[in-house]
Structures are given as structure tokens and as C-alpha cells.
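> Submitted below is the structure of interest, expressed as C-alpha cells.
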Amino acid sequence: MEQNTNSQEDDSMVTNSKEKKRQTWSRPWDFYMSSVGVSIGLGNIWRFPYMCFKYGGGAFLIPYLLTLIVIVFPLMILEVSLSQSVRKGLAASWATIPLFKGISIASAMILFHTNLSYPVILTWVFKYLVSSFSSNLPWMSCDNEWNTEHCVSLWDPEKQYLDETNNASMIPVSNVTNQTGQILGTSSAEEFWNYGVLRISNGLSEIGRLNGELWSAKVIYVTATLPLILIIIVMVRGVTLEGASVGIYYYLKPNMTQLENPEVWIAAATQVLYSSGVCAAAVLTLGSYNNYHHNFIRDVTMIAFSNSFASFVCGFAVFSTLGSMAFRQNLTMNEVVQSGPGLVFIAYPQALAMLPLPQLWNVLFFLTILLLGFDSQFVYVESFCAFFMDSYPRLRNFHKYSREIFFAVCNAGFCLLGIIFVTEGGVYVFEIFNTFGTAGWSVFFVATCEFVAVGWTYGADRHWDEINRMVGYSRIRFVVTLVWKYIGPAICMTISIYYVTAHSPLSYASYVYPPWAQAICHIVATSSAMCIPLYAFYLVVTSRKPWSQLRRKVNTEETKHENIICEEEEML
């Protein structure tokens, strides 16, 4: 992927006679590659497998694909078309619908939550990556300083048990039992995750001390290329393991009774929105660098397919190794491992320890996650900083290196605020932001407002007329506008209401968050969602403009036609 040196320049390039024209991608495929870089990340290889495992394997895939087609694909078209039509960033794009400009503030808040919590996952990955270079993998033994007296080593001859072929078997991840059901202890893989990496406390009220090893790993604000080849390598190795078919069968064969559980549908919809980057301004910001006539519908289609394909491949890689573990231990898939954020960090290292040259396979696996996270994190930081530089142009003019200074200040701020995530109780704080800050009812509320803003306030047909001028494409007009006006807002608002009224209380492993912590969860969610109605109320109260000008900027069409002229000049 190649792009202009400053292709992801700040979104504050306000077009006027004294300022340079906004940067554009140097090649037609740059937007697609950049969007794939942000959409294919930890949401695919880390979050998708444990969500899929938690909600019934194959049953999870059905609502996942339906949500992708019915909600996310039309929403991506909406966001990219909006920013490409005005060729400006987050704030300026939603300013074309003044009454809903608060969406840009809400998206910036979601980016803020993401930039706080997302790097923490990379610190865990970095810890595992460094540990993978050890001659003796630390999650394979009980000879480490963090191990307890209940630890059972993966290869401890005194505590191993033999399977039917009289070969030493891998032990389960949680409570380790022998073939008679006698509990032997806790696996060394789980103890490494809980005590070697997290150094976990007893709950949210016990934040504890700073984990120095994780803090030193927070230097992750760099970029990397898309390492899909590494995912494929790990997947191929996983499906060739003995017993891998057990996990693949669980993964692909849906348990239809699970579809009666509304939380399966909610979780699937949440996962698609989380991994695609919609409502978090990332794809919208990248779309603002497209030429006016760029065929973004083709790109959006491929982005949605690539994102789903990556999740599907990652699911194969994880479930095949879990199936091998279940086969060797003569256990069911539900017994072999507990679902949760630590699924990849507990089960996979343990499964890879069964392979020849386990250090090599662990390095490949965690390097894959790290590189995937780099691409996404880079765009998240860029999009967040661009929002402020777009809203406050002085931020890019106060110094020769004003852009670099502002980015450095933002990154330093994220690191300082993120210290709490790398304490002994940090994983409990992380779950709050992971469930309510970057996902949850607030994101669906923002999606509802986006549908209403374009579908009703601005006008779905009016906006599609603009799309037709941009790319000359109208074959899916009826379906997409139907989603914008009716299906999308109805589904997203229903999910938001369900989250608030009927969703299960937040928990981590066996720890259920107390009522005061549940209140914090909703405060985090409200911090982004409430930006939209509050800004609308402020605008209605303070503005003297007529209602028609609050719905649409009067100079919007003029600005768009100026963009067309700029494009024609570029072509000449």
C-alpha cells in the first residue's frame, strides 16, 4: 500500500483561496487498503473468536452475516459517501447536517475510549511475543514467580494424565481434572495469563499496583503492513492438527436453539460494528481523501467482504486448535476452555505448545496480532487528532511543526490516562470500556442517529442523488435508502433499548460488577451518546436560523459542485 507522504493529513484542511487543496490518495486502491488496515484488526483475531465461542459457534455466524448485510454495509456507504462528497473530515462532514453535528462529537468520544483501551490489548500481545522467544515458554511450566501451589504444568510428569493412546495429553485451561474427574489444580497457561500478565486483583475496587512490565510495552503508536499471510499460516497449521475437525464442526454447525436467545443477535451485531469501524469515524475520515468521482461503493463492498473473510479465517484458526485440545483431552468444546477476552491468550499458547518448535509458532501468532493492531491503532489516533484540527484550525497553524506537536501531546495523554489499564485491577476497567465505550448501546444509538440524519433530516433520496452524481450508481438505491429510513434506525434503536433495559449485568469470569460499577459503565456509554441530543438542543436554543437551514447547510450543494470542478481540473 502506497500513498502520499501526508496522505493521512489532518482533516482540518478547510478549503479556501489561501489554503492548499485537500490531499487525496495517490492511487485508486489506497483507500481500500487503508480501510482494510483499520477494519481488519484485533476485532477479527481477538474479539470475534471468543464472541463466537461464547454464543454457540456456528449459530453466531448467522446473525453476524445478516447484520453485516442489512446494517453495516448500508452504514458504510452512508459514511464514506458523506465525507467523499464534501471532501472534508469528521466535523465538517456532519456539519452539512447542522442539527446532527453532534454525531461528530460522539464519534470522537468513541475514538477517545478506543485510544485508551485498544493499546492495552497490544501490551498483552507484546508481553506474549517477548515471552515466546524464551527457551522454555513460561505458560508451559509452574516454575515461575507468579505460580501458585495449585498450578499444574502442561508437561509435569507427576500431574499429567494419559489419554486412550497412552500419550501425554494437554490439560484443560481452567480447573484441571484427570480422567476420573478429580480436580488437580489450575493450568500453567491460565496462571500465566492471570498472574504473569494481568497480575489480576480480586475486583474493580482493588485497582492495586502498576504492572511495570505492561507499562513499558505501551509504545505501540507505529504502523505496519497487513499480515494476512501470517493468519493463513497459523490457520493452515491449526486445521492440520489431530482432532481439529472437532472444533471446525462446532464452528460451522449452528446450534439453532441459540438463535432463540436475543443476546446472540445483540452480540453478533455488536461484533460487526466493532470490527468494521463504523460510527468511530475511521472509515469516514479515510473516505474524505477520495477523489469526488471515486467508486467507493466497489471499495465498501470489498472492505465488508475482506473484514468478514478475515474473521472467518481467524475463527478457523482458533476453533481448529481448540478442537484438537478437546480431542486430546476427551472433553467437549464447552469444557475445554472458558470464553472471555483471555481466550486467545490462554487457549492458543497452550495449543501451540503441542507443536514442534512451539516458540516459532507462538512468535508467528502474536506477531500477527501485534501487526494487525498497529494498523488499526494508527488510524484511530489519526482520526481523533484530525477531528480537533478540523474543528480548531489554529491547532495546525501555531507552529512550524504544529501537527507533530499536537499528535505527540495526544499520544502522551493517552499513555498517561491509560496507566489505570495496566494495574492489577486494570482488566476490570478494560472490560468497562471494551463493552460500553467502544461498543454497546452507545454505538447503536450513534448508528441510529446517523440513519435518521441522512435518511430523514437531510433526505435519503437527496443524498442518493449526490451519490449518483459521484459514481453514477443506482442499482441498489431502493434497498439502501430503505435501510437508511426504516430498517436501520428501527433495528439499531431496538438494540440500544435492549442494552439499557434487559441486557445481563457486566461480568468478568466469575466476578459480577457491583451496582456502582454498572453505573460507571453507563456513564462511559452516555459520554458519547448524549453529545448528539445535547448539541442539537444547544443549536436549536442559540441559533436564529430557520429550521430548513438547521436540517441542511444552504451552501452544501455549492461546495459539492466546487469539488466537481476541482476534480475536472485534476483530470486535466
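From the backbone N, Cα and C atoms, a Cβ is placed for every residue, glycine too.
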> Of the ranges 114-136, 436-458, which one does TrEMBL list as transmembrane segment?
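When 114-136, 436-458 are checked in TrEMBL, transmembrane segment belongs to 436-458.
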> Cβ pairs under 8 Å only, please: of the recorded stretches 58-78, 264-289, 309-327, 478-501, which one is richest in them relative to the transmembrane segment (363-384)?
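Comparing 58-78, 264-289, 309-327, 478-501: 264-289 has the most Cβ pairs near the transmembrane segment (363-384).
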> Is it true that the transmembrane segment (436-458) and the transmembrane segment (478-501) have 3 or more CB pairs under 8 Å, sequence gap of 6 or more?
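Contact criterion met.
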> Could you give the residue numbers and ranges of same-chain residues that sit at least 6 residues beyond the transmembrane segment (405-430) on either side and whose C-beta is under 8 angstroms from one of its C-beta atoms?
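Residues 115-117, 119-120, 123, 198-201, 203-211, 214-215, 218, 221, 341, 381, 384-385, 388-389, 395-396, 399, 508, 511, 513, 517.
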> Look over the recorded stretches 29-46, 58-78, 264-289, 309-327, 516-541 and say which has the most C-beta pairs under 8 A to the transmembrane segment (478-501).
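Counting Cβ pairs under 8 Å, the winner is 58-78.
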> So, do the transmembrane segment (264-289) and the transmembrane segment (29-46) meet, by the test of 3 or more Cβ pairs under 8 Å (sequence gap 6 or more)?
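By the criterion, they touch.
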> Out of 58-78, 309-327, 516-541, which stretch has the largest tally of CB pairs under 8 angstroms to the transmembrane segment (29-46)?
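The stretch with the most contacts is 309-327.
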